[in-house]
Amino acid sequence: MFKVVICDDERIIREGLKQIIPWGDYHFNTIYTAKDGVEALSLIQQHQPELVITDIRMPRKNGVDLLNDIAHLDCNVIILSSYDDFEYMKAGIQHHVLDYLLKPVDHAQLEVILGRLVRTLLEQQSQNGRSLAPCHDAFQPLLKVEYDDYYVNQIVDQIKQSYQTKVTVSDLIQHIDVSESYAMRTFKDHVGITIVDYLNRYRILQSLQLLDRHYKHYEIADKVGFSEYKMFSYHFKKYLQMSPSDYCKQAK
């Protein structure tokens, strides 16, 4: 759904952010990387990402110059720096930067920022009447990054790891030392929906990314864990109030 450009002259940092952060959980399905501001500017102009994460001190074109070049674009920016100095703070204030992160990057802190950002992006899409607006309410329960219950968080993690398989509730809770009835009741109390409902909503959410990649619909159904295409189609219509084909037409 959303796109991000990660710009840093240190390969270990940009590739680390690309690989370690669970971008799909925050609805970012396309991640681009650049080693300097020149590469980043080209990617930004070409792909129009919703988020840019950039270092400040880089060769060829630094982060401040990059901010100047993209000031007219509608994208969010997170600044990375090894220096807690006024130069990049001033640049960030001038360009309405979303947040600042000092290296080494605290991944948990970045995920908190992403959680806030995705809520804003989805709300904007809903207000603008864009194609994702109908699914905003359906996917609202999936937006919370962490719950205040250990078992609920474990179940959510298991869903995200195994949704592509023909997984059952028993499979999802087999690694936690509680009964199935307790797990189901606790999950519903904290999340507001059942485990099975969460699983199916998450599968449909992931399917939207594959619809954008021109897979056949029966292939998508299998890739996101539905045993039959008709079950995929049923849940798609249930949550989005339209068929996969109609969604694709509306998204064009």
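Every residue, even glycine, has its Cβ placed from backbone N, Cα and C.
As annotated by Swiss-Prot, DNA-binding region applies to 170-191 (among others), with the evidence given as sequence analysis. Residue counts of the DNA-binding region (170-191) by helix, strand and coil are 16 helix, 0 strand, 6 coil (DSSP-based).
Residues or ranges marked as DNA-binding region by Swiss-Prot: 217-240 (among others). Distant neighbours of the DNA-binding region (217-240): 134-135, 138-139, 163-167, 199-201, 203-204, 206-207, 210-211, 247; these residues of the same chain sit at least 6 beyond its ends, with a Cβ under 8 Å from one of its Cβ atoms.
Across the domain 'Response regulatory' (3-118), the DSSP tally of helix, strand and coil residues reads 53 helix, 27 strand, 36 coil. As annotated by Swiss-Prot, domain 'Response regulatory' applies to 3-118.
Annotation comment: Swiss-Prot describes 153-250 as domain 'HTH araC/xylS-type'. Restricting the average to the domain 'HTH araC/xylS-type' (153-250) gives a pLDDT of 90.
When other Cβ atoms within 10 Å of the Cβ of D55 (4-aspartylphosphate) are tallied across all protein chains shown, the result is 26. Residues annotated as 4-aspartylphosphate in Swiss-Prot, with sequence analysis given as evidence: D55.
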